[in-house]
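Worksheet: the structure to be examined is printed underneath.
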Amino acid sequence: MTTGKTAPRRLSIFGSTGSIGRNTLNVVEHLGGRDNFEISVLTGNGNVELLARQAKASGARLAVTASDRHYDSLKSALSGSGIAVASGKSGLMEAADCEADWVMAAIVGTAGLAPTLAAARRGADIALANKECLVSAGDLFLKSIREGGGRLLPVDSEHNAIFQVLEENQRHAVERVVLTASGGPFRTASLKEMADVTVETARAHPNWSMGLKISIDSASMFNKALEMIEARHLFGLTPDQIEVILHPQSIIHSMVGYTDGSVLAQLGAPDMRTAIGYALSFPRRPNLPIERLDFARLARLDFEAPDEVRFPALRLARLAMTRGGVQGAVLNGAKEVALEAFIAGRLSFLAMADITERVMDDLAHLPPAAEMDDVFSADSQARQRASQLMKLDLVG
């Protein structure tokens, strides 16, 4: 006689030690933990101690550090646990091959591309938090999803909001999508004030708790620029259908406008667990301990148009979408080098966009990507050119 109890759902979390990964494990625990879920793989990078703790607590089958030099430390930390250990690029590909019904793709940067594409081709549902999959390799990634037969579930709060309110049978009637942005710590800063921005002031996001790089990307609005490109691929939009509005309270996460004048919006407290929980439970809605909105206390919601002189990243996103091809990969690669230079104190805050635009112009001749090697080549060329420009002191 059967009990009727369903088998635990198999999950893999790529990037479990980051903010998205930690919140994913938190959601899993709130939704029943090991009673309802089986963790196949956890991957991290240098935070071996946290990765080992997570693997033991969740009962993961495999723990992977993306850095080969941390393999011995992870192996030692998990000695006697029965949890397999792997490292480096080969370890990440091993993680992608492990059986899992649902994969959280939260590895930051191009390092997340290959394992996420491999998991997609295998047919897993992909909860996508890695931006490079769509920004750098959108067409190829979507092809992998189609060929594998799994679902693509956006985890970025803005895209998840659109996903929640986009009526599948009314896609033909979509007129526009509106991505909201808090404006970050420099929403009201002057151009002169932004010229003197430091890493510490740039990382202080008013609403969201995030890692260093994504906090600075949010401050420069490069994060929103990447989200614009992602939205185009995710929802089959033209560049003209994508708008950005500043909304400092971060309560409305995005809106969809229809041809009859209706606008549907998703509202909620700024908590990543909402989007993660929806992606994990889709098409059902989970019961999560998220702060409920008190509209009487909230009282008001503010909006304003973004200033693309102070935040040129938005203009660069439209330029990349208009040019097409590998310009998304070029934008992202150049931006990454400029961001690292800013963090290291070698480049000013405003010069990040200048460097990125110069590289985009210099590499505008590159052909569209026919395979992933073309994407990696465009990314590599963009990074090399950005480094060259900074060495020549052409900007900043």
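Yeah, the Cβs are placed from backbone N, Cα and C, and that goes for glycine too.
If you look up Swiss-Prot, you'll see Thr17, Gly18, Ser19, Ile20, Asn47, Asn130, Glu132, Gly211 marked as NADPH binding site, on the strength of sequence analysis. Counting Cβ atoms from all protein chains shown, Thr17 (NADPH binding site) has 22 others lying within 10 Å of its own Cβ. DSSP assigns Thr17 (NADPH binding site) to coil in the three-state reduction, outside any helix or strand.
All chains included, 26 other C-beta atoms sit within 10 angstroms of the C-beta of Glu158 (1-deoxy-D-xylulose 5-phosphate binding site). Following the DSSP three-state reduction, the secondary structure of Glu158 (1-deoxy-D-xylulose 5-phosphate binding site) is helix. What Swiss-Prot records for Lys131, Ser157, Glu158, Ser182, His205, Ser218, Asn223, Lys224, Glu227 is 1-deoxy-D-xylulose 5-phosphate binding site.
For Asp156, Glu158, Glu227, the entry in Swiss-Prot reads Mn(2+) binding site. Using a 10 Å Cβ-Cβ cutoff, Asp156 (Mn(2+) binding site) registers 26 neighbours.
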Number of other Cβ atoms within 10 Å of the Cβ of Asn47 (NADPH binding site) across all protein chains: 15
Asn130 (NADPH binding site) in three-state DSSP notation: coil
Proximal residue to Glu132 (NADPH binding site) among binding-site residues Asp156, Glu158, Glu227 (C-alpha distance): Glu227
Sorted by sequence, non-Asp156, Glu158, Glu227 residues with Cβ within 8 Å of centre, Mn(2+): Pro154, Ser157, His159, Asn160, Leu179, Asn223, Lys224, Glu230, Ala231, Ser254
Which of Ser19, Asn130, Asn223, all binding-site residues, has a Cβ with the fewest other Cβ atoms inside 10 Å: Ser19
Cβ-Cβ neighbours of Ile20 (NADPH binding site) (radius 10 Å): 26
Nearest-integer angstrom distance between the alpha carbons (Cα) of Glu158 (1-deoxy-D-xylulose 5-phosphate binding site) and Asn130 (NADPH binding site): 14
